[in-house]
Amino acid sequence: MQTAYSRVTVVTAERTIDLALPSALPLSDVLPQVMRYAAPDTAPGSPTSWTLAPLGGATLALSQTLSDAGVLDGDVLELRAQQDDVRPATVEDVRDTVEDSVDASGGVWSTLTTRSYTVLLGSVLLAVLGIGSWLTTRLDGSGALAGAGDPAPAGIVVAALLFATWWAATLARVLDAQVAAATAMVWAAVLGSAIGDRAEVDTWEVLAFAVVAVAVTAGVARLLTPAATAHLAAAAVLLVVGLAHAVVDATSAPVEQATRILPVLALLTVGTIPLISLSVGGVASADYRVRHVGRLDLTALQARYRASNAVLIGSLVGIALVVVWGGIALDLRDDPWDRTLAVSLAVAATLRSRLFSRTPHMLPLRTAGLVVVAFVASRFTIEHADAAPWLAVVVAAAMLAAIGLTSAPMSDITRARVKRLLNILEFLVVVDLLVVLCGAIGIYERIGGIF
């Protein structure tokens with residue numbers, strides 16, 4: 001039954017209070033009384049406008065009375081923050097409104113954009129030219145692209161790209177500096193190969209020149225800017241693998257064995273990379289210092305974390321490049337063991353990426369595996385012309401299957417079960433990788449044949 005006053009209980013996050021409120025007055029007149037008794041403690045960022053609402057119900061308008069809202073004696077009301085006015089804004093001047101929208105959307109071409117565009121465009125063009133020059137020289141020996149076999153032009157390009165790396169890190173964006181540094185490493189490989197060719201040395205020495213030139217260039221880029229930390233880590237991985245391959249080539253051992261073993265070893269070391277990156281980047285020593293010595297500045301810790309993260313990403317990129325090189329080189333051979341090893345390497349790389357949870361850490365290995373799979377599938381369709389038209393259908397079917405699997409809702413329990421199954425699958429794939437590797441390097445043939 002409604003009377004001149006409604007005896008209600010008002011609740012807030014801090015208190016509960018019984019009040020008798022006028023039923024015929026609009027809520028805007030009643031709220032000042034309520035706020036005197038039930039106002040929450042103010043805090044920075046707290047709402048400045050309040051209203052009432054039935055507990056668990058819709059908010060009451062300030063122009064509404066308790067009687068109109070059907071509030072009866074004994075009802076419980078909640079003191080809530082008044083929502084912002086959501087009435088649509090009216091347009092008074094179309095031209096001004098459009099101009100304001102365009103200005104607010106950003107994307108204005110500025111001096112920074114010009115600098116970034118210059119570095120990116122030049123780096124991409126030089127990267128394409130460098131890769132094309134190297135491939136032309138290595139594959140057919142024609143040297144069709146100018147400067148491919150001459151160290152002088154390659155050295156000039158490396159120096160120019162290193163300057164662009166420093167300049168972009170100072171006056172443009174970090175991403176621009178990283179792209180320029182990566183392109184400088186490409187041309188460093190061209191430079192090292194050109195020096196080896198000019199010296200007329202053996203193939204293993206040419207490879208050693210190339211990987212050393214890449215490592216030196218990455219080191220110089222790191223001295224110029226911390227943005228090249230990941231490049232130095234990737235170069236270190238390539239240096240170790242390249243020198244190991246060169247040593248095998250320099251001995252009497254078959255060089256094909258290095259192509260089989262080195263990518264597998266690189267992939268198996270993925271689990272140790274996070275610990276190495278924490279040590280090299282300084283996070284491990286920072287933890288020891290905080291625990292046993294004293295305090296550490298937050299800025300210094302953040303810098304160490306960025307360095308460790310860059311070392312991790314760069315190392316994974318280096319391993320991914322080794323996987324791509326090994327997978328493609330193995331698939332180009334006619335030996336069934338080698339071609340099977342290429343596929344096993346790609347699948348293992350894709351599954352090993354699950355060791356990480358952050359996208360930048362997962363992408364290198366996952367991309368490397370997909371690149372090798374794409375190369376294997378493309379070469380298969382070239383050898384089997386009747387299967388070529390169906391390659392696109394297979395890719396589309398795989399895409400639809402992935403869409404269906406990722407669209408299915410999964411509870412935490414189901415997700416944990418799927419993860420466990422994938423862990424078992426990864427273990428089996430790694431075992432298969434080692435079994436196939438043993439067959440590829442000839443162990444089964446030497447002990448009398450198992451397969």
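Just so you know, glycine gets a Cβ as well, placed from its N, Cα and C.
Curation does not apply to TrEMBL; its annotations are automatic.
What TrEMBL records for 115-449 is domain 'EccD-like transmembrane'.
If you look up TrEMBL, you'll see 117-135 (among others) marked as transmembrane segment.
The feature transmembrane segment is assigned by TrEMBL to 155-172 (among others).
For 179-195 (among others), the entry in TrEMBL reads transmembrane segment.
Taken from TrEMBL, the feature transmembrane segment applies to 207-225 (among others). Cβ atoms under 8 Å from those of the transmembrane segment (207-225) belong to residues 158, 162, 165-166, 169-170, 177, 181, 184-185, 187-189, 191-193, 195-196, 201, 231-232, 234-236, 238-239, 241-243, 245-246, 249 of the same chain, restricted to positions at least 6 beyond its ends.
Taking Cβ pairs closer than 8 Å, the transmembrane segment (232-255) reaches residues 185, 202-205, 207-208, 210-212, 214-215, 217-219, 221-222, 262, 266, 277, 280, 310-315, 317-319, 321-322 in its own chain, all 6 or more past its ends. Taken from TrEMBL, the feature transmembrane segment covers 232-255 (among others).
According to TrEMBL, the feature transmembrane segment maps to 261-286 (among others).
Proximity of distant same-chain residues to the transmembrane segment (307-328), defined by a Cβ-Cβ separation under 8 Å and at least 6 residues beyond the stretch ends, is recorded for 226, 229-238, 241, 259-260, 262-264, 266-267, 269-270, 273-274, 276-278, 280-283, 342, 345-346, 349, 360-361, 364-365, 367-369, 371-372, 375-376. Residues or ranges marked as transmembrane segment in TrEMBL: 307-328 (among others).
Taken from TrEMBL, the feature transmembrane segment applies to 340-356 (among others).
Here TrEMBL flags 363-382 (among others) as transmembrane segment.
Feature annotation from TrEMBL assigns transmembrane segment to 388-409 (among others). The list of residues near the transmembrane segment (388-409) in space but at least 6 beyond its ends in sequence, with Cβ under 8 angstroms from a Cβ of it, reads 377-378, 381-382.
Sequence annotations record features per position, and here TrEMBL assigns transmembrane segment to 421-444 (among others). Proximity of distant same-chain residues to the transmembrane segment (421-444), defined by a Cβ-Cβ separation under 8 Å and at least 6 residues beyond the stretch ends, is recorded for 257, 260-261, 264, 267-268, 330, 335, 337-338, 340-341, 344-345, 347-348, 351-352, 354, 450-451.
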Problem - the transmembrane segment (179-195) in contact with the transmembrane segment (155-172), cutoff 8 A, at least 3 CB pairs, sep 6+ - result: yes
